[in-house]
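Worksheet: one structure, shown below.
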Amino acid sequence: MKTLLLTLVVLTIACLDLGYTKTCFNDDLTNPKTTELCRHSMYFCFKNSWIAGGVERIERGCSLTCPDIKYNGKYIYCCTRDNCNA
């Protein structure tokens, strides 16, 4: 009986996601938008947008830090909620 109980406890722990995993939108031009599961150390979702050759470019994903540098007309947005980088 103890062996069965121990086996059930081990299986339960192995099957549960013991940590919270953030999801962020990724890619740039897919419709509908796709998401990705971020690694444990990734706390931010980001969205970079800029104009190149007269066309708006967008990049989305997970990030360890939030880059706040805006250069060459590049706009960077960071957030901490799931799928907040739409």
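A Cβ is built for glycine as well, from the same backbone N, Cα and C atoms used for every other residue.
Per Swiss-Prot, the feature disulfide bond maps to Cys24-Cys45 (among others). Counting every protein chain shown, the number of other Cβ atoms lying within 10 Å of the Cβ of Cys24 (disulfide bond) is 24.
The disulfide bond annotation in Swiss-Prot covers Cys38-Cys62 (among others). Taken residue by residue with DSSP, Cys62 (disulfide bond) is part of a strand. Cβ neighbour count for Cys62 (disulfide bond): 21 (other Cβ atoms within 10 Å of its Cβ, all protein chains included).
Listed in sequence order, the residues of the same chain lying 6 or more apart from Cys66 (disulfide bond) and placing their CB within less than 8 Å of its CB are Phe44, Phe46, Cys78. Residues annotated as disulfide bond in Swiss-Prot: Cys66-Cys78 (among others).
The disulfide bond annotation in Swiss-Prot covers Cys79-Cys84 (among others) and rests on similarity to another entry. In the three-state DSSP assignment, the secondary structure recorded for Cys84 (disulfide bond) is coil. Within 10 Å of the C-beta atom of Cys84 (disulfide bond) sit 17 other C-beta atoms, taking all shown protein chains into account.
As annotated by Swiss-Prot, signal peptide applies to 1-21, with the evidence given as similarity to another entry.
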Protein Cβ atoms within 10 Å of Cys79 (disulfide bond), excluding its own
15
Output, ordered by sequence, the same-chain residues six or more apart from Cys45 (disulfide bond) with a CB under 8 Å from its CB, or 'none'.
Lys22, Cys24, Phe25, Cys38, Arg60, Gly61, Cys62, Ser63, Cys78, Cys79, Thr80, Arg81, Asp82, Asn83, Cys84, Asn85
Using DSSP, would you call Cys45 (disulfide bond) helix, strand or coil?
strand
Cβ neighbour count within 10 Å of Cys38 (disulfide bond):
20
